[in-house]
Amino acid sequence: MAQTEEWGKPVERRGRLTAVLVLATLISGFGSSFQYGYNVAVVNSPSPFMEQFYNATYMERYGAPMEGTLLTLLWSLTVSMYPLGGFFGSLMVAPLVYKLGRKGTLLFNNIFSVVPAVMMGVSEIAKSYEIIIVARFIVGICAGLSSSVVPMYIGELAPKNLRGALGIIPQLFITIGILSAQVLGIRNILGNSTGWTLMLGLTGIPALVELLLLPFFPESPRYMLIQRGDEKTALRALQRLRGREDVDAELSEMRLEDQSEKAEGRLSVLSLLSQRSVRWQLISIVVMNMGQQLSGVNAIYYYADSIYASAGVKQDVIQYVTVGTGAVNVFMTIAAVFIVEAVGRRVLLLCGFGICCGACVLLTVALNFQESVTWMSYGSIACVIIYIIGHAIGPSPIPTVVTTEMFRQSARPAAFMVAGSVHWLSNFTVGLVFPFLEN
């Protein structure tokens, strides 16, 4: 649609999906967000065989079987080292994105994603469960970085009218990563005594794909203009992303933002926290990220098989029920991509949390009748699926979209550091505490 004059003012041309924009979004989503989701769920299905390996290794070293409490502790550490690493990764977001840029940080991050993949792949040969725990921490650092940088990168590539829909793409790839780990975790595929090390090591493949392909796509134009002052590169990047030469209106908006922010300079986390003008935005993203994680959604992915076993689901059915919940998660996240612009962020968030609350109440009732009603295990499964539906349409994807939109360029990296720290600390708490709560 050509740019026209209305009441003497230029009407901004609506952005459209171009090949460069779509491919940059898909490659960054697959190479980084997919890894995040994959590593959330990858230890769930092979957990019995990994625990056997822990016990056998301990027995070989010390000549006695591992105590149950020690095994629970080591296993909860294996799970929770990933979100703990994510917390430390989130603290590195601001300095790296200022220094290397959004695309540069993703490429730098994926170089280190390959290392823990190799470590986990050779852990059985090395007869060391410590390697797995350390590798989970390192891959968590990489996930902590990518979980903030990918939404920032895509949000700055996208035109305003597509920012919400494209902003959900990272969450979509997280859910696809979770589903992929659940499918590979089926006993007849890799979730067995011989395939679990390969399953853990496969996390390096998306990193290699992104390292090979992302260099061919542009850096964030906003970063190039506002942080680097390189208007020529920003112009070329914007023209490639929009698929047209005429990008003056969008470039002028960036220049205005650049001029208004030069007085403020780069905002650190401390200076962001001290500014009264963004206090409600900060409170909003902290509450959203705490709600997203402390609601317990990742406990379902970390310990799905254990949860279903506790709910009375038969052992030979559990792995397929787990895959089913992952498929529902992907489907509902896809739905959120198409409805977010029409329905709005706030409505999806409130409706999603409302559905989650209702599902939790029903699940509590179902578990209380587990002993006396034979079919109640199916009710428990239904409640978990309803919970996943609620979380997928709002609490899972919306916080990162809102964080991108609420803050200006100079404040965005610091805001993502705050949001990421809260996200990963809450995630770590759930991963560490849940096995003990369940016992």
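Just so it is clear, glycine is given a Cβ too, placed from its N, Cα and C backbone atoms.
The domain 'Major facilitator superfamily (MFS) profile' annotation in TrEMBL covers 25-439. Taken from TrEMBL, the feature transmembrane segment covers 17-38, 73-94, 106-125, 131-154, 166-190, 196-217, 282-303, 318-340, 347-369, 375-393, 414-437.
A Cβ distance under 8 Å defines the sequence-distant neighbours of the transmembrane segment (17-38), meaning residues of its chain 6+ beyond its ends; these are 103, 106, 109-110, 113, 139, 142-143, 146-147, 149-150, 153-154, 157-158, 162, 166, 169-181, 202-203, 206-207, 209-211, 213-214, 217-218, 240-243.
Through the fold, the transmembrane segment (196-217) approaches residues 20, 23-24, 27-28, 30-32, 34-35, 38-39, 42-43, 46, 49-50, 103, 106-107, 110-111, 113-114, 116-118, 120-125, 132, 135, 139, 142, 181, 184-185, 190 of its own chain, all at least 6 residues removed from its boundaries and within a Cβ separation under 8 Å.
Note on the transmembrane segment (166-190): residues 21, 25-26, 28-30, 32-42, 44-46, 147, 150-151, 154-155, 157-158, 196, 198-199, 202, 301, 304, 319-320, 322-323, 325-327, 329-330, 333-334, 336-337, 340, 392, 396-397, 400-401, 404-405 of its chain, located 6 or more positions outside it, place their CB under 8 angstroms from a CB of the stretch. The recorded stretches the transmembrane segment (375-393) and the transmembrane segment (73-94) do not share 3+ CB pairs below 8 A when only pairs 6 or more apart in sequence are counted, and are therefore not in contact. Among residues of the same chain six or more beyond the transmembrane segment (347-369), those with a C-beta under 8 A of the stretch's C-beta atoms are 288, 291, 295, 311, 336, 339-340, 376, 379-380, 383-384, 386-387, 389-396, 398.
Between the transmembrane segment (73-94) and the stretches 106-125, 282-303, 318-340, it is 282-303 that has the most C-beta pairs under 8 angstroms. Note on the transmembrane segment (282-303): residues 40-41, 43-44, 79, 83, 178, 272-273, 325, 349, 353, 356, 384, 387-388, 391, 395-396, 398-399, 402-403, 406, 415, 418-420, 422-423, 426-427, 429-431, 434-435, 438 of its chain, located 6 or more positions outside it, place their CB under 8 angstroms from a CB of the stretch.
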